[in-house]
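Q: If you scroll down you'll find the structure; I have some questions about it.
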Amino acid sequence: MSANNEGFIHIDDLDQHAADTHRPTIAERQRVDYREIAKEVGRLGEGKSYFIRTHGCQMNEHDTEIMSGMLEEMGYKAAREMLDADFILYNTCAVRENAEDKVWGNLGSLKPLKARNPNLIIGLCGCMAQEEVVRDRIRTTHPHVDLVFGTHNIHVLPGLVEEAHHSKETIFEVWDAAHEGTIENLPRVRKDDVRAWVNIQYGCNKFCTYCIVPFTRGEERSRLPQDVIEEIQQLAADGYKEITLLGQNVNDYGIDLQDVDFADLLEMAAQVEGIERIRFTTSNPWNFTDKLIDTIARHKKIPNYIHLPVQSGSSQVLRRMKRGYTREEYLDLVNRIKTRIPDVALTTDIIVGFPGETEEQFQETVTLIEEVRYEGAYTFVYSPRAGTPATRLPDDVSEADKKQRLYRLNDVQDKISLEQNQKLIGQVLEVLVEGESKTNADVLQARTESNKLVHIVGSKELIGQLIHVKVTEAKTWYLRGEILPQGVGV
């Protein structure tokens, strides 16, 4: 395994490496306007269509919106079906092996299509593109892929597409490090008319031993607060009701600056008129300060919903993961949050089967979710990622035990989620109507402050509005409700 880790900073030095980095003031932060550096390629895509298949996290969804904006400025139009597109792009995730396996399968299935249509352009971007082993595999087994670019340079997409039109060789444009500052005024095509992503931070400095994100997304870089607020103000002017502030570690926002932190940014965002809800993801247990808790508690616009990944309930496992906190410290944070925000809804991420995890340590995770009583949990079997420090540890938990532990954990959490939802039957809740249900066009999909999905029957004119509903039925993953007459509220 050691060969996969050559060239990485030693795990014990990572935090000091981040601490030693100069922290510029807001005035010193470098920023570049996309319009000043974008390559002019004209309407190269006029009469053509594109299709982007997005895998992974909200950050990838946000990146896809930006790349869609660039392509549409070039004249491309979005294709409804992938097979109808002139340009197919996979925006990839490298967090788990099964996500990569899906991409390889999809790329392989495009070989016959490329053979029939040599003018088809196929691209791969996102976190997988940052992995050298992925690029080597494309060179040897997937030469039908036309262009590969990474997470640090999506702003050069127009130039890459132009080059791909004239090149018979695969184009590789992957930067090992990001631009020192941020790139602003990027075009985008937002996929929602009610809710919008607003990126506030790029990268991660934490280097959890199982996680490849710091290597694929780079060091933490915070956008300037005025750039973030100007984007939110424009969204409000465009009629958006809810925003989600995005970052790998949003509560680390400003850690690379001297003059601002995440609580300050939330305070500024809450002053923007027209925005009804301000969510954020992902927040982690480190740097979750009392100042931040108080800011969330103080503002009605900031929902009482916090996603707080724990990953394991065992302090020993957490230490091997290099999460930076113990079970007791995590529970202390949860108690401080619940004391200050009594009706808070918490969700989490959990990994089972991490190297060395014993049955007793797994049971500590079970007892933790029973104590915290999360509204929901995203649970995963440990997936070794080449190049991460955890691959040095013996993967000594059998696949059968991993799958059984995942099943047992989900069974406990599903029961808790259902019990939490059943408590809401008969209650009146304020919901934001997001749109039609994905499975039934006659049903509207709405969301509570605590991020619970509610199915209601009503006029499509309600989309984008905050209304009150009475909960009539509770399922594990969603609620059903009836709309109350206007003026009848909590």
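Going from the start of the chain as shown, residues are counted 1 onward.
Just so it is clear, glycine is given a Cβ too, placed from its N, Cα and C backbone atoms.
Quick paste from TrEMBL:
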- C57, C93, C127: [4Fe-4S] cluster 1 binding site (BINDING)
- C204, C208, C211: [4Fe-4S] cluster 2 binding site (BINDING)
- 48-166: domain 'MTTase N-terminal' (DOMAIN)
- 190-419: domain 'Radical SAM core' (DOMAIN)
- 422-485: domain 'TRAM' (DOMAIN)
Q: Tell me, how many other CB atoms lie within 10 A of the CB of C204 ([4Fe-4S] cluster 2 binding site), whichever protein chain they belong to?
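A: Counting Cβ neighbours of C204 ([4Fe-4S] cluster 2 binding site) within 10 Å gives 23.
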Q: Which residue among the binding-site residues C57, C211 has the fewest other Cβ atoms within 10 Å of its Cβ, if you could check?
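A: Counting other Cβ atoms within 10 Å of each of the binding-site residues C57, C211 gives the minimum at C57.
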Q: Need the DSSP three-state call for C127 ([4Fe-4S] cluster 1 binding site) to compare against my parser.
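A: Reduced to three states, the DSSP call for C127 ([4Fe-4S] cluster 1 binding site) is helix.
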Q: Taking the Cα atoms as reference points, how far is C127 ([4Fe-4S] cluster 1 binding site) from C208 ([4Fe-4S] cluster 2 binding site) in Å?
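A: It is 17 Å, counting Cα to Cα.
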Q: Note down the number of other Cβ atoms within 10 Å of the Cβ of C208 ([4Fe-4S] cluster 2 binding site), including every protein chain shown.
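A: So the Cβ neighbour count for C208 ([4Fe-4S] cluster 2 binding site) comes to 23.
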Q: Relative to the Cα of C93 ([4Fe-4S] cluster 1 binding site), which of the binding-site residues C204, C208, C211 has the closest Cα?
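A: If we rank C204, C208, C211 by Cα distance to C93 ([4Fe-4S] cluster 1 binding site), first place goes to C211.
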Q: I'd like the Cβ neighbour count for C93 ([4Fe-4S] cluster 1 binding site), meaning other Cβ atoms within 10 Å of its Cβ, all protein chains included.
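A: Result for C93 ([4Fe-4S] cluster 1 binding site): 23 other Cβ atoms within 10 Å.
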Q: Measuring Cα to Cα, tell me the gap between C208 ([4Fe-4S] cluster 2 binding site) and C57 ([4Fe-4S] cluster 1 binding site) in whole angstrom.
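A: C208 ([4Fe-4S] cluster 2 binding site) to C57 ([4Fe-4S] cluster 1 binding site), Cα-Cα distance: 17 Å.
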Q: Using a 10 Å cut-off, grab the number of neighbouring Cβ atoms around the Cβ of C127 ([4Fe-4S] cluster 1 binding site), all chains included.
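A: 26, counting other Cβ atoms within 10 Å of C127 ([4Fe-4S] cluster 1 binding site).
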Q: Taking the centroid of the Cβ atoms of C204, C208, C211 as the [4Fe-4S] cluster 2 site, which other residues of that chain lie with their Cβ within 8 Å of it, listed in sequence order?
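A: Same chain, not in C204, C208, C211, Cβ within 8 Å: K206, F207, Y210, I212, V213, P214, Q248.
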Q: As a test of reading the model: what is the averaged pLDDT for the domain 'TRAM' (422-485)?
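A: Averaged over the domain 'TRAM' (422-485), per-residue pLDDT gives 96.
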Q: Cβ within 8 Å of the [4Fe-4S] cluster 1 site centroid (C57, C93, C127 excluded): which residues?
A: H55, G56, M59, N60, T92, A94, V95, A99, G126, V213, T216
Q: What are the DSSP helix, strand and coil residue counts for the domain 'TRAM' (422-485)?
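A: When I sort the residues of the domain 'TRAM' (422-485) into the three classes, I find 4 helix, 32 strand, 28 coil.
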Q: For the domain 'MTTase N-terminal' (48-166), what does DSSP give as the number of helix, strand and coil residues?
A: 63 helix, 23 strand, 33 coil
Q: Which secondary structure state does DSSP assign to C208 ([4Fe-4S] cluster 2 binding site), in the simple three-class scheme?
A: coil
